[in-house]
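Residues annotated as signal peptide in Swiss-Prot: 1-22. Under the heading domain 'IGFBP N-terminal', Swiss-Prot lists 23-94. Per Swiss-Prot, disulfide bond is recorded for C26-C50, C30-C52, C32-C53, C39-C56, C64-C78, C70-C91, C281-C318, C298-C332, C309-C348, C312-C350, C317-C354. The domain 'VWFC' annotation in Swiss-Prot covers 98-164 and is backed by sequence analysis. Swiss-Prot lists 223-268 with the feature domain 'TSP type-1', giving sequence analysis as the kind of evidence. What Swiss-Prot lists as domain 'CTCK' is 281-355.
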Amino acid sequence: MGSAGARPALAAALLCLARLALGSPCPAVCQCPAAAPQCAPGVGLVPDGCGCCKVCAKQLNEDCSRTQPCDHTKGLECNFGASPAATNGICRAQSEGRPCEYNSKIYQNGESFQPNCKHQCTCIDGAVGCIPLCPQELSLPNLGCPSPRLVKVPGQCCEEWVCDESKDALEELEGFFSKEFGLDASEGELTRNNELIAIVKGGLKMLPVFGSEPQSRAFENPKCIVQTTSWSQCSKTCGTGISTRVTNDNPDCKLIKETRICEVRPCGQPSYASLKKGKKCTKTKKSPSPVRFTYAGCSSVKKYRPKYCGSCVDGRCCTPQQTRTVKIRFRCDDGETFTKSVMMIQSCRCNYNCPHANEAYPFYRLVNDIHKFRD
């Protein structure tokens, strides 16, 4: 009985060795280009089958081989068909990946598509992730650009910033800084204002933001007012989701969006089994045993005992109150490793203010990020 069960596994191993032997041989010494290849929007870099060089990952229905692997972060694998001697295949979605529905259309797991000219999206195991193709529209122009405005360019999809160089606009800009900050205002004083300068049509105005970062920086830019918003709510009320924030804490002082993996609670978690007598809520629960985080088919190298938010019996919802962000290394089946930011819950709170987090609305839309779509 045992020998019969081992035969399929042995045959699969021999088939894999045959494919490796017939495939392109790996060089004795790795020789890679000095510069990394430029990939299309939404396409990441992955190591080739020899573990030598970074190459652009092949996408759904594209040709693949040992030296041109598929994008495993999107649930794709190289399908060589039934021939054991095949060295080239086609990128197909793994069988366990779920399709996605977007705008009444069905997309297969791992399939990339453009819903419009400004976004590139990918279906990842039932969730849709999108990246902007017009990054200049997301960031503000330099402060030295008077009366900026976004204008349409003939023949192009993305709008571009233009500056009004008129004398009146320059005087308005100079008067703004003289009045609001004073000409001798230090960079530290500007940072403590905890305000972000927003340049809008018709002039400039101050917008409050949340959670300003400490003033000390690895880089110094005297013209940059470093500000960072709070993390958004997790895109899922159970299971793995995404949380985002906006910051200009970078050498270019450009507004960028950062993401982190989050999990408010595991799906299928018993809601009220652990409630003590007379209690209506379970705020924070710790994982009973060490677990590995999962992301895009890959698992964390180490095990953790994270805290989760509980639930209530009186209609209130429990959401994270205090969190921290840690860097966690993930490893995939092919040996590839990468690091992602992950939310760690420190405490939760329960209240009746449940926008998009009520159990009656299990998913909500998070623009330009991984989310579930629901009509």
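Please read every residue number as a count from 1 along the shown chain.
Any Cβ shown, glycine's included, is placed from N, Cα and C.
Within 10 Å of C78 (disulfide bond), counting CA to CA, the disulfide-bonded residues C39, C70, C91 contribute C70, C91. Secondary structure of the domain 'CTCK' (281-355) per DSSP, as helix, strand and coil residue counts: 0 helix, 45 strand, 30 coil. Of all the disulfide-bonded residues listed here (C39, C64, C312), the one with the fewest other CB atoms within 10 A of its own CB is C39. Within 10 Å of the C-beta of C52 (disulfide bond) we count 15 further C-beta atoms, all protein chains included. A simple way to gauge crowding: the CB of C350 (disulfide bond) has 20 other CB atoms within 10 angstroms, across all the protein chains here. C298 (disulfide bond): 21 other CB atoms within 10 A of its CB, across all protein chains. Secondary structure of the domain 'IGFBP N-terminal' (23-94) per DSSP (helix as H, G, I; strand as E, B; remaining residues coil): 3 helix, 21 strand, 48 coil. Here the disulfide-bonded residues are C30, C78, C281, C309, and the one with the most other Cβ atoms within 10 Å of its Cβ is C309. For C298 (disulfide bond), the nearest neighbour among the listed disulfide-bonded residues (C26, C281, C312, C348), judged by C-alpha distance, is C26. Between the CA atoms of C348 (disulfide bond) and C312 (disulfide bond) there is a gap of 12 Å. C312 (disulfide bond) has C318 nearby among the disulfide-bonded residues C50, C64, C318, counting only those with a Cα within 10 angstroms of its own Cα. For the pair C91 (disulfide bond) and C332 (disulfide bond), the C-alpha distance works out to 17 angstrom.
Ranked by CA distance from C350 (disulfide bond), the disulfide-bonded residues C32, C64, C317 have C317 at the top as the closest. Within 10 Å of the Cβ of C348 (disulfide bond) there are 23 other Cβ atoms, across all protein chains.
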